[in-house]
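Just below is one structure, and these are the notes that go with it.
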Amino acid sequence: MLVWLAEYLVQYNTAFNVVSYITFRAIMALLTAMGIGLWIGPEVIRRLQLLKFGQEVRNDGPESHFKKRGTPTMGGIMILIAIGVSTLLWADLRNSYVWFVLFVLFGYGAVGFVDDYWKIKRKNTDGLIARWKYFWLSVIALIAVFGIYAVGKDTAATQLVVPFFKEFMPQLGIFFIILSYFVIVGTSNAVNLTDGLDGLAIVPTIMVASAFALIAWATGNFNFAQYLHIPFVPNAGELVILCTAIVGAGLGFLWYNTYPAQVFMGDVGSLSLGGALGTIAVLVRQELLLVIMGGVFVVEALSVILQVGSYKLRQKRIFRMAPIHHHFELKGWPEPRVIVCFWIITLMLVLIGLVTLKLR
């Protein structure tokens, strides 16, 4: 929005030309989103408390979690507000890629909101009926994916970048739609499963979004894309603004979500953030890199799949409890230790992911 205003005002003062630079707008988007999150946080928490929107806790979970019962949830609302306002202010809204990410972000946020609401109303952790939850997640993802495919179905926009391989970038064609669907829905649910401890999901999200800000900038820059041997996607550069808005909103939320948490993001936050990360990965053609950098999310999701599969097939559990962060808690690890260890692992994986862009 401010891009349009600056384009008009630059005729009166060339200083407004600074708004045309992605780097400037990226920094401002981060600061704006973080400022909004810090500003509205106390009021959002107060209103959630008044509405009695408190977290429900599994009875079979770690005993240390029982004290979390009643902590305000659905704090992801403040994340969505911060990202939305910051993006609308600083992104070039003529860019269709920005709207694809916002569509998934708020669409998944709406599904998460309903899921959280039913958990609170029923006073259990069941939430929205699973088949309806996945139905709406699938509908939103497919609408976005078909839109992305229609807008950019040239060679670069549907290539699959394989880490560590410079020249091997297979053309997916129609299979782009299938892969993209699973990336968006899968990432959304993986982040959702990770969101079980104070700050456990938001910090890895911040780290991965920061990395994607760099990748989006390189992907949207012809010279850097050629240098790194990655597909050049002209519209991708504007996604830097969205990535830094996610980082800023995440930092603002972390202020209130760090141990011991004053508020939880709920499904309204985790589903939407995961969906946004998945969509960004699809748009910059780095789906496989997301698997590396978001390794913590992947392991959390796999632990649940393996646990459920093992119990159904053998009536035996692999872990003491899934997702895997609860396994470590039941082994006696203090919650802060589990959280920080997962943060460190994510930092390592993000750095490895960035290095793969050059080591090919």
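For all residues, glycine too, the Cβ spot is worked out from N, Cα and C.
Swiss-Prot has this to say about the protein:
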TRANSMEM  21-41  transmembrane segment
TRANSMEM  73-93  transmembrane segment
TRANSMEM  98-118  transmembrane segment
TRANSMEM  132-152  transmembrane segment
TRANSMEM  168-188  transmembrane segment
TRANSMEM  199-219  transmembrane segment
TRANSMEM  236-256  transmembrane segment
TRANSMEM  263-283  transmembrane segment
TRANSMEM  288-308  transmembrane segment
TRANSMEM  338-358  transmembrane segment
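Sequence-remote contacts of a segment are chain residues at least 6 beyond its ends whose Cβ falls under 8 Å from one of its Cβ atoms, and for the transmembrane segment (168-188) they are 104, 108, 134, 137-138, 141-142, 144-146, 148-149, 153, 155, 158-162, 231, 270-272, 274-275, 277-279, 281-282, 287, 290, 294, 297, 301. Ranked by Cβ pairs under 8 Å to the transmembrane segment (236-256), the stretches 21-41, 73-93, 263-283 are led by 21-41. Touching of the transmembrane segment (73-93) and the transmembrane segment (263-283) is concluded from the presence of at least three CB pairs under 8 A, sequence neighbours closer than 6 excluded. The stretch in closest packing with the transmembrane segment (98-118), judged by the count of Cβ pairs under 8 Å and taken from 21-41, 132-152, 199-219, 263-283, 338-358, is 263-283. For the transmembrane segment (263-283), the partner stretch with the most Cβ pairs below 8 Å, chosen from 21-41, 132-152, 338-358, is 132-152.
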